[in-house]
C-alpha cells in the first residue's frame, strides 16, 4: 500500500492494522510500495543506509507536523514516483507492531509503567533526601553567629534539663535517689557519732590535764611541806602516791570500760548487719532471727545495766574509801599537831616570845592547810559531779543508739517484706504473662514472626533502658563519691538490681 498524502498518513495512524513492522533489517519489498517506477523491483530498506535515505527523506523529531501538512496542501497530490515524508516517531511506531494489546499485555504494561513511576519517585525522593542532607551538612559546617551559639547553648541546656527531669521521674532513678539520701543521712549520722566521740576524748583529755594540774599543785605543796616538817611531808607524799595510784587505776578502769562498751557496740552493729544480710538471703528465717536478735539485744541491755550498776556501786565504794582516807589523814594530822604543840609547850617554857611566834606560824600554816583541804574537797566534788553527768550522757547515748538500732532493724524487716512482696508479684505477673503468651502462640500461629520481632524490639528497648539506668547508676555513684559518702554506703546502690520485672 503506497503512502501518498497526509490523509492516508492519518488513516494509517488510526488503523493499527495499517502500521508497518519490520521483520528483519535485511528484508526486501516491492519498491512500488515506496513510489518507485519499477514495479516488482526489490531494493534494501532505506534505514539500512546512513545519511540520505534515497527516495524517502525522514525529518528529525522537532519538525512540525503542521508545517508538513501545509506543505503537502500547497504542493497538491504527489505524482507517482515522487517521495513522501514520514516522521521518525511514526516509523518507530510502525516498527513496534500493532497497537492492539491483549489484557495480559495491557496489565503488564501498566505494571511496568507503575514500577517505572515508583522507581522514578524513589529516585526523586532519594535525590531530595540527599539534597536535604547536603544542605544540613552545609548548615552544620557553616559557622554559627554569636546569637545562634547562645541560643543553641540555651536550647541544649533546656534539652539536658528536660532529659534529666524525665530520667528523674523513672522508678529506678527514684529508688537510686532514695538510696543516695539514705547514704547521706547515715554519713551525717556517722560524722555526728565521730564528733561525739571526739568531744568525749576532749573531755577526757581535759580531765587528764586537770588531774595533772592537781598533781603539780600537790607536788608543790609536798615540796613546801618538806622544808617545814619532814615526817608530815613523807606522810603526805605517801598519801599522794596512794591517791595518784587510785586515780590512775580508775582511769585505767574507765578506759577499759569504755573500750568494752565500744567493742560491744561494734559487735552489736556487726551482728545487726549480719542479720540484715541473712534476712535478705533467707526470708523464711526472718522471724526466728529477729527473735534471737531481740533476745541478744535484751541480754546486752541487761548486761549493760548490770555493769552500770556495778560500776556505780564500785565508784560509790571508792568515793567512800577516799573520804575515809581523807578523814583518817585529817585525824592523824590533828593528833600529830596536838602532840607537837604539847611538846613545844613543854620544851619552850623558857622562851615565850619564840613560842608565841611559833604558835602564830602554826596557826597560819593550819589555815593554809585548811584552805587547801577545802579546795581539794571542792575539786573532788566537782569531778564527781562531772563524772556523774558524763555517765548519764553516756547512758542516754547508749539507749539512743539501741533505739536507733531497733528502728533500723524494724525498717530493714519492713523493706525486706516489701521487696519479697514485689518479687512475688513480679514472679506471678511473669508466669501469667508467659501462660498468656503461650496461649496466644497456640491460637495465633500466623503472627509468630511478628511477635518474635516485637519481642526482639522490646528486649532491645529494655536493654537500652537497662544500659541507661546503669549509666545513671554510675553517675550517681560518682556523685556519692564526690559528696564524700563512704564506700560501705555506696555498696548498696552498686549491688542494687533494677529492671528484673522487665525481663
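The backbone N, Cα and C atoms fix where each Cβ goes, glycine too.
TrEMBL annotations: computationally assigned, not manually curated.
Range 114-153 is the one annotated as region 'Disordered', of 114-153, 154-193, 194-233 (source: TrEMBL). Checked against TrEMBL, the range among 1-23, 24-46 recorded as region 'Disordered' is 1-23.
Outside the compositional bias 'Basic and acidic residues' (133-144), and at least 6 residues removed from its termini, the chain residues within Cβ reach (under 8 Å) are 152. Mapped onto DSSP helix, strand and coil, the region 'Disordered' (114-153) counts 36 helix, 0 strand, 4 coil. For the domain 'Trichohyalin-plectin-homology' (167-447), the model's average pLDDT works out to 80.
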